[in-house]
Each structure stands twice: as structure tokens, then as C-alpha cells.
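To start, the structure under review is shown below, and the notes come after it.
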Amino acid sequence: MFRTKRSALVRRLWRSRAPGGEDEEEGVGGGGGGGGLRGEGATDGRAYGAGGGGAGRAGCCLGKAVRGAKGHHHPHPPSSGAGAAGGAEADLKALTHSVLKKLKERQLELLLQAVESRGGTRTACLLLPGRLDCRLGPGAPASAQPAQPPSSYSLPLLLCKVFRWPDLRHSSEVKRLCCCESYGKINPELVCCNPHHLSRLCELESPPPPYSRYPMDFLKPTADCPDAVPSSDETGGTNYLAPGGLSDSQLLLEPGDRSHWCVVAYWEEKTRVGRLYCVQEPSLDIFYDLPQGNGFCLGQLNSDNKSQLVQKVRSKIGCGIQLTREVDGVWVYNRSSYPIFIKSATLDNPDSRTLLVHKVFPGFSIKAFDYEKAYSLQRPNDHEFMQQPWTGFTVQISFVKGWGQCYTRQFISSCPCWLEVIFNSR
């Protein structure tokens, strides 16, 4: 009976693997954009699997790597390609089964719970020996065809490849979430192998592609900037300013105020919904509908907006995003099934006078804010910048819908549902 249950768990896990492989998924996320951060106008509202896997989805965030791979691609005849794909699938299945059968029943149950939840609920760490090496290819038990050199995966990487991102190749492409016990540990004896405790790393090309550019002058307040709106008691003395057009924000702090590290405002088009949300914990979940959710629930806010587009986008926010303050800056993890769009002064080339809007696919993380870079961008020796408040401590995030040159929405205030994250500069 014990063996029967374990075998059933293994079969159930294999049936829950991420759909598609590299060839099947190529170009899925590119839409009309090809392979970079350009031309997402046709795909801004497309849903993706909870894992956010697939070469196409990685392509828009890791465009340079994907283009390099395509440049060295040599097409195979259909029969040859199908045979190679079938062999790779068989190898991966054999390797995965051999690894899973080494796990205890309780470990298999924890892994299955994490995989079937698709990151919608907080699941426990799955701690396994970190030195276990999985080889796929010649020399490995799973391989019979010596056509290519063997691929070696750590156990966490293998499980991420099987259950989230079939095109995953290297550990440098993933980032461990701060909620994980293995976060920040180097070569531990036991490492967490929960595939939903890692995210796909969104790397930006250098220099950034010409997508959704904004003049840096828009960072400066305009002459018709309205008066400051008095803050509520929960903002810790934060005054909120909304310059015309872009609705950018500035954080004005009372001396000695260290009660929060950022403030979050939720907007529907040009209307702010609910109060400003002060963030004191290092991690915050922002979601609309999340099982066992703990954080900023947008679904509990009272909104009078009757727009069908707003209501449609609101229903797609789902698990939303995770905002975390870490040693190197502030990271945003897209937990939803749809892309998010981010604009931040610290994501761009400091010598550029333009800002970009960056598209982040489901399952990906991006370092949305860098404190050190933000301080350097203040240009303390620049007389013009010293005379006016600066908005570089603000990040704007739109759910599902993008804005900029590739869209009819030129400004984020035209987006149905979006966030403004205002960082404490002290």
C-alpha cells in the first residue's frame, strides 16, 4: 500500500508538469513584438500559465539571450525534430521519475501541494540534500542517445524546469524568494526545492530597447501641479502630490519619520481608490483575490468605477504581485497569470533622458528600485534639480494593460488598474 500511494503521487506530479517545451512554446509571449521589450501592444492582456514558463515568455524579459539562441539555430526536418523532442521528453520523464521515487511520501505530498496550488497559497519549504546532482543526457541513466553533451541540473533547478519553466537552463536565470528558508544561504546542506519558492529573473538589455520612452523632464513637477493633498493618519506624515498628466508622486517626510519604508496607492484610471497603504514589513503581497491572503487586498476596497474595462482588469489581478525590500533594493514578483508593466527611474540608463516601461511576465521578478542608484540620480550638484522636488523614489505598476508609444494609452493614468509605490528616502 505504501509503494502504491507513492507511485500514485509520482504519476500525479508528472501529470502536473508545465505544458510544452522549448519548440512548442517559442514565440508564445512575443505576440507582435518579436523577442524584446518592444511591440507588446497586441499581447498586453494575454493570459499565461501560473508558472510563466516557456521560451516566448522568457523572450520578452530575457530578449538578448533568446535572440542569441535563435541566431545559432539550425532547423531540422520535421521528422528529425519530432524524434529529438520525443527523446528529450522521454529522458526528462525518466530522470524526473527516478528523482521523485527517492523522496519520502510526506515530501511528495508537500511538492504536490506546492505544484497544484500554482503559487496561490503559501506552501512549506521542501528541504532536500543540496548536493544531489541530476544529469540529463549521455552518461546519465535516463539517456540512450549520445547526440548532445549531458546537461547537469541541481535538484531545485530540475523541479523548476519540470513544473514551471521548460526552457530553464541555468541557476543564474532564477531568484529565490525571500519567504524561503534557503534565501540568502550559500551551499547549505539542505536546500528548499519548492519550485514556487523561486522566480524567473527578468534581466534588462543594455542599453535598454526603445520601448515606451518618456522624457526625463516629466520627472520634474509642472507649473500647474495641484496643491498637496493632506495625508491620512496612516501615511506617517506623507503628503501626496499629483502633477498634471502623468500623476507622478513625491514623498514628503516629517523629520525623523522611519515608521515605514514605502507607501502604496491603488488607482483606477485617474481616481485613487482607498487610502494610502503604509508598508513596514519587508515583504508585502498586493492582490485582488488570493486564498489565505495576507497583505494589501484590492478586492476589499470600495470602488465606484463602473467601467467594464476596469472591472475586467480588476478580475484578472488575481494573486497580484509581491513587493519585497532586500539588501540590494526593492524587488517585484509577478504572481498573477497576466503581465504587469513597470516604470522606474532606476531601471534605466542614468545617462538617458528618457524612461522606459518594462513588461514583466507571470512568474518573473525584477529589481524595480535601487536605493543607491536613486540617490545618485538626485544629482546633488545640479542646481536645477536642487530647486525642485524629484520623483525618482516612485515606481508605477500597471496590471494587465501597458501604456506608452505602443498603446492608445499614452499615460499610466489611462490604465484601468495600477499602483504607485512611493519609497521613503530617509
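From the backbone N, Cα and C atoms, a Cβ is placed for every residue, glycine too.
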Given that Swiss-Prot annotates Cys125, Cys192, His197 as Zn(2+)-binding, name the residue from Cys178, Cys180 that shares the site.
Cys180
Residues close to Zn(2+) site centre defined by Cys125, Cys180, Cys192, His197, Cβ within 8 Å:
Leu126, Leu127, Arg176, Leu177, Cys179, Glu181, Ser182, Tyr183, Cys193, Asn194, Leu198
What does DSSP call His197 (Zn(2+) binding site) in the simple three-state scheme?
helix
What is the number of other Cβ atoms found within 10 Å of the Cβ of Cys125 (Zn(2+) binding site)?
18
Winner by Cβ contact number (other Cβ atoms within 10 Å) across the binding-site residues Cys180, Cys192:
Cys192
Per DSSP, Cys192 (Zn(2+) binding site) is which: helix, strand or coil?
strand
